[in-house]
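These notes are about the structure you will find just below.
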Amino acid sequence: MKRLRVLIVDDSLTIRRRLAELFTADGTFEVVGEALDGQQAFEHCHRLRPDVVTMDLMMPKLDGLRSTELIMAHCPTPIVVLSAAESRTEGQRTMDALAAGAVDAVDKPSGVPDAKWSRTFLERVRMAARVRVITHVRARFQREPVRPPPVVPAVPTLAQAPRLLVVGASTGGPAAVSFLLGALPPGFPLPMLLVLHTTEQFDTAMVEWLEARSGLQVRKAVDGEALPLPGRLCVRMAPGNRHMVVRGGRLWLEDGPERHSCRPSVDTLFESVARELGASAIGCLLTGMGRDGAEGLGAMRRAGATTVVEDESTCVVFGMPREAIRLGAAQHVVGLTALPLLLTALARADAREGTA
């Protein structure tokens with residue numbers, strides 16, 4: 001079996017050696033190079049063409065965020081960010097790196113990594129190497145080309161007016177959700193429940209980052225809080241390592257088993273919404289690896305809800321939406337740029353014309 005070629009980027013010699021030992025001992029990786037700053041990382045990516053990069057953020061000369069932007073703009077390569085999540089500044093930089101095209105973020109251990117961290121880290125790097133990344137042209141490099149307005153599918157009249165929007169995403173999700181929140185109009189009338197495959201180490205940074213970029217109220221869900229009422233857009237996100245469900249008009253956080261190796265799980269939320277709200281919800285499944293959310297979206301569709309998935313053309317990874325389409329769970333398949341228009345039309349038209 002061909003080994004995965006990995007480039008290690010960190011200004012700490014100790015960290016580089018520890019990671020190199022992990023990769024070598026695993027046997028499925030080949031360390032093709034090491035870089036001690038972002039400029040070296042960019043140059044090595046051009047010269048060595050690794051399958052995947054592990055990227056520190058806080059480095060001299062050129063930091064990891066800027067290096068990620070350059071790599072994704074000029075020689076796109078899957079990048080896994082290693083971040084000291086306890087630092088608020090570094091947490092925000094981690095979110096910016098994900099928006100710039102990094103595939104995943106892993107909490108950097110403060111000492112010698114234990115066996116559990118090592119297994120998880122190696123698996124996430126292995127999964128990241130399989131992602132087919134695309135060129136990210138950042139606004140700070142050049143203006144994005146003018147695109148024609150997206151075509152929005154015709155919106156059917158539903159049996160009930162929607163009261164809630166639920167969204168799930170994984171790989172590529174932070175940037176996709178950030179775009180969606182920024183593009184929905186100020187008068188969007190539905191609250192949003194959100195599941196991203198994030199960890200306890202990064203969930204606070206994620207909600208702060210989404211709130212800062214969108215100007216909306218974005219919060220981690222609190223166990224037992226009332227389900228937000230329709231009328232305005234606010235966001236409640238499942239905390240890391242807790243499932244979020246809707247039951248009895250409230251949000252509940254649970255420590256149940258992982259589903260598809262995920263906690264929080266999109267399926268868990270979507271299935272609870274299907275039971276609780278039936279036809280008066282909209283389910284939306286965005287970019288992500290694996291199949292979490294596909295079965296739950298199917299449950300929502302069978303309950304009468306409107307279901308939407310992101311089209312392959314704009315997904316970082318088409319795994320979760322593809323599985324939903326395969327199961328017959330998707331009523332609408334649209335690219336990310338058309339999604340805000342479709343969701344707005346659904347929310348407003350059905351609120352006016354529905355028969356609830």
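Just so you know, glycine gets a Cβ as well, placed from its N, Cα and C.
Predicted automatically and left uncurated, TrEMBL annotations should be read as such.
Here TrEMBL flags SER170, HIS197, ASP292 as active site. Here TrEMBL flags 5-123 as domain 'Response regulatory'. Positions annotated as domain 'CheB-type methylesterase' by TrEMBL: 158-350. What TrEMBL records for ASP56 is 4-aspartylphosphate.
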Please identify, among the recorded positions ASP56, HIS197, ASP292, the one with the smallest Cα-Cα distance to SER170 (active site). HIS197
Provide the three-state DSSP residue tally for the domain 'Response regulatory' (5-123): helix first, then strand, then coil. 57 helix, 26 strand, 36 coil
Neighbouring C-beta atoms (10 Å sphere around the C-beta of HIS197 (active site)): 25
Could you please provide the mean pLDDT value for the domain 'CheB-type methylesterase' (158-350)? 95
ASP292 (active site): tally of other CB atoms within 10 A of its CB: 28
To see if you understand the setup: which same-chain residues, six or more apart in sequence, place their Cβ under 8 Å from that of ASP56 (4-aspartylphosphate)? VAL9, ASP10, ASP11, SER12, ILE15, GLY64, LEU82, LYS108
Work out how many Å separate HIS197 (active site) and ASP292 (active site) at their Cα atoms, rounded off. 10
Over all shown protein chains, what is the count of other CB atoms within 10 A of the CB belonging to SER170 (active site)? 27
Return one of helix, strand or coil for SER170 (active site), based on DSSP. coil
